[in-house]
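According to TrEMBL, the features are:
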DOMAIN    29-479  domain 'Glycoside hydrolase family 9'
ACT_SITE  H406  active site
ACT_SITE  D458  active site
ACT_SITE  E467  active site
Amino acid sequence: MAFRVKVSFCLILFLSFSSFFFVQGVFNYRDALEKSIMFFEGQRSGKLPPNQRISWRGNSGLSDGSLAKVDLTGGYYDAGDNIKFNFPMAYTTTMISWNTIEYGKRMGPQLQNARAAIRWATDYFLKCANAAPNKLFVGVGDPNADHKCWERPEDMDTVRSVYYVSPSNPGSDVAGEMAAALAAASLVFRSIDPVYSKKLLGNAVKVFRFAVQYRGSYSDSLGSAACPFYCSYSGYKDELYWGAAWLLRATNDISYLNFINTLGANDVPDLFSWDNKYAGAHVLMARRSVVGNDNRFDSFRQHAEDFICKILPNSPYSSTQYTKGGLIYKLPEDNLQYVTSITSLLTTYAKYMASKKRTINCGNLLVTEKTIRSLAKRQVDYILGDNPMKMSYMVGYGTNYPRRVHHRGSSLPSLARHPQSFGCDGGFQPFYYTANANPNILVGAIVGGPNSNDFFLDERTDYSHSEPATYINAAFVGPLAYFDSSKR
């Protein structure tokens, strides 16, 4: 009798989700997965390799670090500009690594490309962590000068200022995130390149020790080089928690759990992003309770499930807004960054639940892994084209996608077509303000997305909706692999 009641309840819940989130078609998740990873090649800084697939890009930032007499070449430009911000870059790297750890076996031929995307960042982070004693380099390029220009990364002539944190000017947030990235990446390479993996983990331990010993926010230390671009609004406690959680995963050293317990990191927000890591850390730690049956981690599991209850639309504890089209809507600017990050947590926790046939309760609402998976799939399908605009928000996927992306390299003619430099402001009038489509397709880029009314203008000057970013894509890799493999 109890079993039939449970089935009937779940059927009602499924029908309610079906009516709320109607899916029109079947999407090629494998194609989207390939393109979502390819996007990172369009964001590369440094000397490009022979197998570079986004061919309109060229070498750039080859003297990065020279103002401090160090080598800081490599890494990624964060979005549509030509700046290397280590804070979001490290989060990006942690998320690609996590998704590769969870779904690597489901990625097929894209696993190699995911590893290459991770290594492009970690090679750069190793330079940042070892270039000079008592300094952790955390960025290259003056963002205020760069944002006054509209020029290609290949011939940018803005000052390539170098930024670092130190014992006297700490940055526990950026250091904690870089430690998380290095630790997570060490797991990706552990079986295929143990020497490199060990190097990553050793540096993760070192950088995390720096973050803990010299506490403070990098926003305070760097001022206008960090804010308003990537201020650490949530403080640095979440990054210390996140970094320790990844080091615990990578080392099984219980001292990291003890450290986490001293932080009092019990916040349960209803979002997850490059700035606020609490929800991601809760889910990561909850794995040991759900999958490993370790009761020392039950409180983290409860925090993770409280987070999910705040996201589900039918939950009595939901604090999440949805558009009429069914999209999670958190903030007006770059909303898809929150959608992809939250969706990544949903698929990962659903995966954990499925391994133990676990269900959870949000008040009187019974939630199964299928409940969570249905919501996650709705978000993925919305981004790929099942939305009121009938538009894919991933550039190059499908036939109707953003054509006027807020991205310097994509919007300006390539070096092959126009070898001469446009200068700092020479690209604005003919290319930034034009209604013409971008000449170079930034394959795989996911833009900031539609507004609360499911409307997207596709206007280059509307950067809060039309600008892509590495961290939007990084979180999307896992869900795409998850749903691709579920079709096989």
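In case you wondered, yes, glycine gets a Cβ from its N, Cα and C as well.
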Item to complete: Would you find the one among the active-site residues D458, E467 whose Cβ has the most company, meaning other Cβ atoms within 10 Å?
Response: E467
Worksheet item: Who sits close to H406 (active site): which same-chain residues at least 6 apart have their Cβ under 8 Å from its Cβ?
Response: G80, V447, R460, T461, D462, Y463, S466, E467, P468
Discussion item. Considering every residue in the domain 'Glycoside hydrolase family 9' (29-479), what is the mean pLDDT value?
Written reply: 97
